[in-house]
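Taken verbatim from TrEMBL:
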{"type": "DOMAIN", "residues": "4-173", "note": "domain 'FAD/NAD(P)-binding'"}
{"type": "BINDING", "residues": "13, 34, 42, 356, 363, 364, 365", "note": "FAD binding site"}
{"type": "BINDING", "residues": "191, 192, 203, 363", "note": "NADP(+) binding site"}
Ligand SMILES: Cc1cc2nc3c(=O)[nH]c(=O)nc-3n(C[C@H](O)[C@H](O)[C@H](O)COP(=O)(O)OP(=O)(O)OC[C@H]3O[C@@H](n4cnc5c(N)ncnc54)[C@H](O)[C@@H]3O)c2cc1C
């Protein structure tokens, strides 16, 4: 028997799921359906361009796509090009791994004048569905809300010079956009104390390596109470982060032209605009931690920071998929260990999920592997041959009739070569093609 499986979403979670399926005792045939021409999801369109070492994971993921049991069907959007009941004609099981691309809301006055980190990240990572330009609105000081790695990525890209970013894979439109930046000071705000900062120790220390950016850790709010001590006792990496921050707090500035300021125990209160709706300041409220569990409350002490833009890096959010149940509160597909559940809580036969759309947008690329293993375990246990049309040719005929311009793995390999060649000409590893038409052209011509 050969199980036929469709994976919807070609990010790391979907590719790991396909890989694990091929390593099982069962014969499988897997099609990965991806809305973009390029695979790899947020590894290509989320991980910061100046983190080439992490982007290298793409090479391992690409080797999976090379397996004979796996086909990549790019440039196909689930919901418009194909629906669940149509997929069930051709596949015994469908795994949804569509990840996350939107920003969470904050719920403060003036929020509509702030910018979601996901939009900015998509721009600097040259996502083909997003506008090619970015308006820094002449801001010299900006605020970034959040103390995770995405906040650090955003703060770093806002603070670094365009020339520093030119060694990366950014296309000309991003380089030109970054050159218009006049930002000298990036203020990063955390509502909790430094013991709870969720940065990776390596990413934090790396901030110090830029010749143009210095990190200023402000002493106000830099307090570690008994709960904070207990917390870092249980979380080794957060202890390393705290040690680094403690080394930097209050140190003398060395006079680099740009600064990233880290402020603790300041919670977002309001984005302040002028009569034309232009951001002129950001208000924060000092917090304190009166409870034994380390939670914080506002003290009523407000500070107004004169900034020209406010970036929210408080978390990504997944979007509901047409025809599938949705847990509005958690913004995930309701599931039990990857088995998709209907409104009564029963498993919908043959329908599974993995990655960020399964468990919410937290965790590193590596976490999507163990996640996929759990989902595939259930799939192999529960799935039988149910699809009436059991051939790749039937799938190809369906998409041809739909008028979908399927971008295959061979097309991606050609696009990949093209991007590497563009890079070589500029002594860079790669230069990304930033538009869908350009990607299709490079891969299919
Ligand atoms: C800004 C940022 C920086 C990060 N940096 C790091 C880092 O440095 N190191 C690290 O380990 N982790 C990092 N991560 C986390 C990592 O990217 C995630 O853990 C991982 O990408 C989640 O994988 P996923 O496959 O679930 O989702 P995604 O990577 O989001 O992939 C989902 C895929 O589904 C596709 N899709 C969506 N809707 C449809 C549809 N309707 N039809 C067809 N396809 C669809 C999308 O185009 C996408 O390709 C970062 C995340 C972000 C947001």
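Every residue gets a Cβ built from N, Cα and C, even glycine.
Annotation for residue 191 (NADP(+) binding site): spatial neighbours 265, 266, 267, 268, 287, 296, criterion Cβ-Cβ under 8 Å with sequence separation of six or more.
For ligand 1, there are no nearby binding-site residues; that is, of 191, 192, 203, none has a C-beta under 6 Å from one of its atoms. In this view, residue 42 (FAD binding site) is surrounded by 24 other Cβ atoms within 10 Å of its Cβ, with every protein chain counted. Geometry remark: residue 42 (FAD binding site) versus residue 203 (NADP(+) binding site), CA distance 17 Å. Here the CA atom of residue 364 (FAD binding site) lies 22 Å from the CA atom of residue 192 (NADP(+) binding site). In three-state terms derived from DSSP, residue 365 (FAD binding site) belongs to neither a helical nor a strand segment and is classed as coil.
The sparsest Cβ neighbourhood within 10 Å, among the listed binding-site residues (13, 364), is found at 364. Recorded residues residue 363 (FAD binding site) and residue 203 (NADP(+) binding site) have their alpha carbons 15 Å apart, per Cα-Cα distance.
Taking the Cβ of residue 34 (FAD binding site) as centre and 10 Å as the limit, one finds 27 other Cβ atoms among all the protein chains shown. Counting only the Cα atoms, the space from residue 356 (FAD binding site) to residue 203 (NADP(+) binding site) is about 22 angstrom.
Over the domain 'FAD/NAD(P)-binding' (4-173) the predicted model carries a mean pLDDT of 97. The secondary structure of residue 34 (FAD binding site), as reduced to three states from DSSP, is coil rather than helix or strand. The record assigns 191, 192, 203, 363 to the NADP(+) binding site, and the maximum Cα to Cα distance across that set is 21 Å. For the pair residue 34 (FAD binding site) and residue 203 (NADP(+) binding site), the C-alpha distance works out to 30 angstrom. The separation of residue 203 (NADP(+) binding site) from residue 13 (FAD binding site), Cα to Cα, is 23 Å.
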